[in-house]
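Novice: So Swiss-Prot has the following annotated:
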type     : residues  : note
COMPBIAS : 279-292   : compositional bias 'Acidic residues'
DISULFID : C75-C197  : disulfide bond
DISULFID : C114-C213 : disulfide bond
DISULFID : C126-C135 : disulfide bond
CARBOHYD : N41       : N-linked glycosylation site
CARBOHYD : N102      : N-linked glycosylation site
REGION   : 259-356   : region 'Disordered'
SIGNAL   : 1-18      : signal peptide
TOPO_DOM : 390-417   : topological domain 'Intravirion'
TRANSMEM : 361-389   : transmembrane segment
Amino acid sequence: MQGPTLAVLGALLAVAVSLPTPAPRVTVYVDPPAYPMPRYNYTERWHTTGPIPSPFADGREQPVEVRYATSAAACDMLALIADPQVGRTLWEAVRRHARAYNATVIWYKIESGCARPLYYMEYTECEPRKHFGYCRYRTPPFWDSFLAGFAYPTDDELGLIMAAPARLVEGQYRRALYIDGTVAYTDFMVSLPAGDCWFSKLGAARGYTFGACFPARDYEQKKVLRLTYLTQYYPQEAHKAIVDYWFMRHGGVVPPYFEESKGYEPPPAADGGSPAPPGDDEAREDEGETEDGAAGREGNGGPPGPEGDGESQTPEANGGAEGEPKPGPSPDADRPEGWPSLEAITHPPPAPATPAAPDAVPVSVGIGIAAAAIACVAAAAAGAYFVYTRRRGAGPLPRKPKKLPAFGNVNYSALPG
């Protein structure tokens, strides 16, 4: 009996050893980083609220480059990087002897018939002979609060890094880069590997998700305002430090560098993984569906294209039932100790002081001063007239006797003549 029993136990032990060891779900201590300084000096301009441009303005005359982005494991980092040929654009500006340029970087998440604004940043009076983003003036970065908790811009502020993204992050992203009014679009198709990361800032399970989704009509009517639907966040240097700090505290390893995203080719769906997002052909087919975009979203038919019409889709509207994901708390909950809170850095600067108007003089005092001035002028005029009339009738004034030099000790005067 012992022989078969030992054989069975040995087989079970061998199977147990061959199984992968589950990753420990614990946090580790990491020295909190110091608040970083900006790479260069600039002036932060607080802009009043304004509309976010539509991401659906592309067409045949405006081609869109498409890239594919994924990560090796669920708890890894994901990079959305594509060279938009900014260096060539800036070199052309130098050849034109342009002293400066203006730029805007915007990120969207494209859904069925709508787009979610994720990130907005403006640059003014930029130096074309330096790297992109070296400018005299910049606005604060404006973020979707959910995405800001686990994502940050790359060092050149043109790419996007996500740390342990949740399953709901999959889909199509669009970057719009404006330089002196000319826009260049780049799409990123994000697909995640099988499995879920235990420390992801995920949506459905914990009730956090992206903000509202707006159809093309709302963008065209300038209803999507950046200060209404986006939140001001830390500068890029501090944003990177806080997300990396949170990622490393949960056992993550930040890569020393990130490779550029590959050209988009629909990958096969891995076992347990989500299928890749549709390509341009399916999107164009979707655009040709019924004009009633809202009905297309709610019915069993295929999703409409980005030009579909309808009301703005909030997370509650997308879910359609109570208990669906809702926007999460402030994304600075994981900031290192000693760092300024978002409330401390996101308040608008005080309005410029205007010189105060002088205190108004009471009416009675003003009347008294005016009366006194009139009396003084009248008295002076009366005195001058009195002297003039007296002298007019009296003739010329008598001459004073002319003194003559003394002769000896005798003084005398010249006779009047």
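Each residue, glycine too, has its Cβ placed from N, Cα and C.
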Novice: Over the topological domain 'Intravirion' (390-417), work out the mean pLDDT and round it to an integer.
Specialist: 54
Novice: So if I measure Cβ to Cβ from C197 (disulfide bond) and keep only same-chain residues at least 6 apart in sequence, which ones fall under 8 Å?
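Specialist: Listed in sequence order: A74, C75, A164, A166.
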Novice: About how far apart, in whole Å, are the alpha carbons (Cα) of C135 (disulfide bond) and N102 (N-linked glycosylation site)?
Specialist: 8
Novice: For the glycosylation sites N41, N102, work out the Cβ neighbour count at 10 Å and name the residue with the minimum.
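Specialist: Comparing Cβ neighbour counts within 10 Å for the glycosylation sites N41, N102 gives N41.
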Novice: In angstrom units, rounded to an integer, how far apart are the Cα atoms of C114 (disulfide bond) and C126 (disulfide bond)?
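Specialist: Distance between the two Cα atoms comes out at 32 Å.
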Novice: How far is it from C126 (disulfide bond) to N102 (N-linked glycosylation site), counting Cα to Cα, in Å?
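Specialist: Here the two Cα atoms are 6 Å apart.
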Novice: How big is the gap, in Å, between the Cα of N102 (N-linked glycosylation site) and that of N41 (N-linked glycosylation site), rounded to a whole number?
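Specialist: Counting only the Cα atoms, the answer is 17 Å.
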Novice: Pick from C75, C114, C126, C135: which of these disulfide-bonded residues has the biggest number of other Cβ atoms within 10 Å of its Cβ?
Specialist: C114
Novice: Measure from the Cβ of C213 (disulfide bond) and count the other Cβ atoms within 10 Å, all protein chains considered.
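Specialist: Here the count is 22.
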Novice: How many Å lie between the Cα of N41 (N-linked glycosylation site) and the Cα of C213 (disulfide bond)?
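Specialist: Answer for this pair: 35 Å between alpha carbons.
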